[in-house]
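What TrEMBL says about this protein:
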ACT_SITE  Asp111  active site
ACT_SITE  Asp414  active site
BINDING   Lys81, Glu82, Asp111  UDP-alpha-D-glucose binding site
BINDING   Lys248, Asp272  Mn(2+) binding site
TRANSMEM  27-46  transmembrane segment
TRANSMEM  484-505  transmembrane segment
TRANSMEM  525-547  transmembrane segment
TRANSMEM  568-589  transmembrane segment
Amino acid sequence: MKGSLVRGATTDDARLLHSVKPLRRTIFNRVFAAIYAPAILTLLYYHAKNAHLLSYPSLILCNPCPFILRPCSCIHVDPYKEPPIGVVNTALAVMAYDYPAEKISVYVSDDGGSALTLFAFMEAAKFATHWLPFCKKNNILERSPEAYFGSNHPCTSESEKIKMIYESMKVKVEHVLERGTVGDQYITSDQEREAFNKWSSNFTRQDHPAVIQVLVDASKDKDVDGYLMPNLIYISREKNKSSPHHFKAGALNALLRVSGSMTNAPIVLALDCDFRSNDPRTPLRVLCYLCDPATPPDLAFVQFPQLFQGINKSDIYNAEYKRLFQINMLGFDGVSGPNYIGTGCFFRRRSFFGCPTSLISPEIPELAPDYVVDKPIQSQSILSLAHRVASCDYENQTSWGSKIGLRYGSLVEDYYTGFRLHCEGWKSVFCNPERPAFFGDVPTSLIDALNQQKRWAVGLLEVAFSKYSPATYGVRRMGPLMGLGYAQVAFWPIWSIPITTYAFLPQLALLNKVYIFPKVSEPWFFLYAFLFLGAYGQDYIDFILAGGSVQRWWSDQRFWIARGLTSYFFGSIEFFLGCLGISASGFTVTSKAVDAEQSKRYDQGDLRVWGAFPHVRLPNVGSHNQSDRIFTRAR
């Protein structure tokens with residue numbers, strides 16, 4: 001077992017690009033593991049000796065132990081669930097990076113194929129001519145307009161002018177969104193009209209041609225101060241009901257091919273539409289790893305943690321996912337590196353084309369990671385190739401999705417792709433700077449929080465029970481530490497079985513005077529007490545050391561039970577029904593639209609259980625426990 005690592009990157013000292021040092025609690029983690037493992041084996045012996053006792057409720061004590069070993073593109077789907085103005089803020093913050101404009105290209109993948117989203121970005125391109133020079137001139141850190149104007153920014157005549165321009169753009173976009181169509185009064189040029197003409201009467205989300213629109217050309221488009229701006233390209237890949245589209249992984253692969261055919265930058269940032277940049281120097285931090293001569297050539301990606309703003313004091317829905325996105329990442333970082341978690345990740349383009357020692361050449365040379373694009377992005381040949389690689393049947397008879405690009409086969413394409421890259425021999429780095437690189441939005445309703453987890457549960461089980469299972473294939477290819485670390489996540493939904501058992505069995509046993517745990521007077525009781533206190537004690541310490549609070553730790557424990565009774569349970573059922581050929585619900589988009597009343601309740605910490613049938617299990621379990629307790633006392 002290895003220890004935990006803390007990595008640091010500096011953009012100021014040219015002599016030292018990044019450093020690595022073990023966490024001081026590494027020795028404690030190793031000693032604790034050496035003591036705790038025999039205790040678990042002793043517990044298994046006890047249950048084998050007393051086979052009539054149910055082992056699930058006691059083994060559940062082991063779960064809270066986290067994985068302690070050694071510790072640019074924007075994606076958009078639905079303009080109503082993911083409001084375009086939020087996606088616009090994501091793109092503008094990336095365009096405003098402290099990095100040469102001619103070396104930045106922002107590709108917006110609109111998998112819903114909405115003219116409303118394209119209109120929003122046409123307006124964003126106009127606003128960018130004012131926003132980008134304002135950011136650079138005033139050296140502001142909050143380069144998302146919504147975040148900047150919502151903060152305590154200095155009020156100057158220039159900032160008020162920029163704010164008025166932004167609010168005007170925002171009102172226009174929201175008005176178009178409310179109407180559901182782009183009126184003629186908003187179309188200001190023949191080029192814009194030609195772009196919107198592609199949305200004919202038979203254009204639908206599931207069946208439409210590819211749409212690729214260059215909104216800002218870095219070779220000629222300038223801001224109000226006369227400086228060139230980064231490329232901004234809108235992409236909506238072709239879709240056809242007769243061709244599989246592979247959800248988000250398919251959209252990212254189409255984006256990877258289109259960006260390769262147009263600019264083919266060696267470094268790619270994957271960023272979800274509900275995440276925004278919080279540090280304009282983030283690209284320089286990434287280069288501290290990728291360009292350091294001491295860094296081995298098998299470094300595939302640099303992953304930043306998923307951090308969120310707007311979480312209430314108690315984090316009632318456990319939206320922070322501190323264990324998954326921060327604590328466990330430190331453990332992975334000490335072995336082969338953290339997993340790809342879907343957003344805030346800088347990739348080497350080369351890592352998508354085979355293992356570090358063997359390049360898998362794509363079907364056409366223009367998509368090779370080392371190909372140099374020597375033509376303008378708006379030339380006829382470049383645009384023709386871009387439309388070709390964005391077609392719905394392009395991947396037929398190719399290695400895309402199996403050996404090249406993001407991997408198909410799971411709804412959690414991020415987890416699966418990161419896992420396969422590590423199995424191929426690639427490494428990764430976890431970068432968690434003092435100033436967060438990215439901030440995301442959190443679900444403010446119980447339904448959204450649990451539905452998101454149900455989709456994750458289905459996707460994780462698709463990996464766990466595939467031929468690439470981390471417990472078998474992963475252990476062979478990556479070694480036991482990384483393999484078991486991935487397996488611990490892949491088999492998460494299976495915890496629905498012991499959690500559901502634990503929610504009902506102890507109360508029923510008490511009601512019927514059946515003892516499933518040792519009595520306090522028995523020696524075996526101390527084993528249970530040690531396992532309980534040890535597991536939860538270490539989990540609590542890790543949570544607090546990662547910057548958590550007691551209230552949020554308690555919410556984390558409580559919501560873990562809620563997920564086990566709902567998301568994991570019904571996700572597992574959906575997966576196994578799918579294995580039997582029974583149709584499942586597929587990919588569900590979590591709503592990012594803001595409901596004022598809902599947000600108010602969330603900020604007040606008001607947890608309400610309502611909505612679809614799966615969520616009714618929560619009050620049912622509570623009622624069952626309460627009634628059993630009352631009946632037992634009365635008897």
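Glycine is no exception: its Cβ is also placed from the backbone N, Cα and C atoms.
Where TrEMBL records a feature, it is marked here on the structure.
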residue: Lys81; record: UDP-alpha-D-glucose binding site; Cβ within 10 Å: 15
residue: Glu82; record: UDP-alpha-D-glucose binding site; Cβ within 10 Å: 24
residue: Asp111; record: active site; Cβ within 10 Å: 25
residue: Lys248; record: Mn(2+) binding site; Cβ within 10 Å: 21
residue: Asp272; record: Mn(2+) binding site; Cβ within 10 Å: 23
residue: Asp414; record: active site; Cβ within 10 Å: 22
When you rank Asp111, Lys248, Asp272 by Cα distance to Asp414 (active site), which of the recorded positions ends up on top as the closest?
Lys248
Lys81, Glu82, Asp111 screened against Lys248 (Mn(2+) binding site), Cα within 10 Å - retained recorded positions:
Asp111
By the DSSP assignment reduced to helix, strand and coil, which category contains Lys248 (Mn(2+) binding site)?
helix
I need the CA-to-CA distance for Asp272 (Mn(2+) binding site) versus Glu82 (UDP-alpha-D-glucose binding site), whole Å please.
11
Compute all pairwise C-alpha distances among Lys81, Glu82, Asp111, the residues listed as binding UDP-alpha-D-glucose, and give the largest one in whole angstrom.
13
From the Cα of Glu82 (UDP-alpha-D-glucose binding site) across to the Cα of Asp111 (active site), what is the distance in angstrom?
12
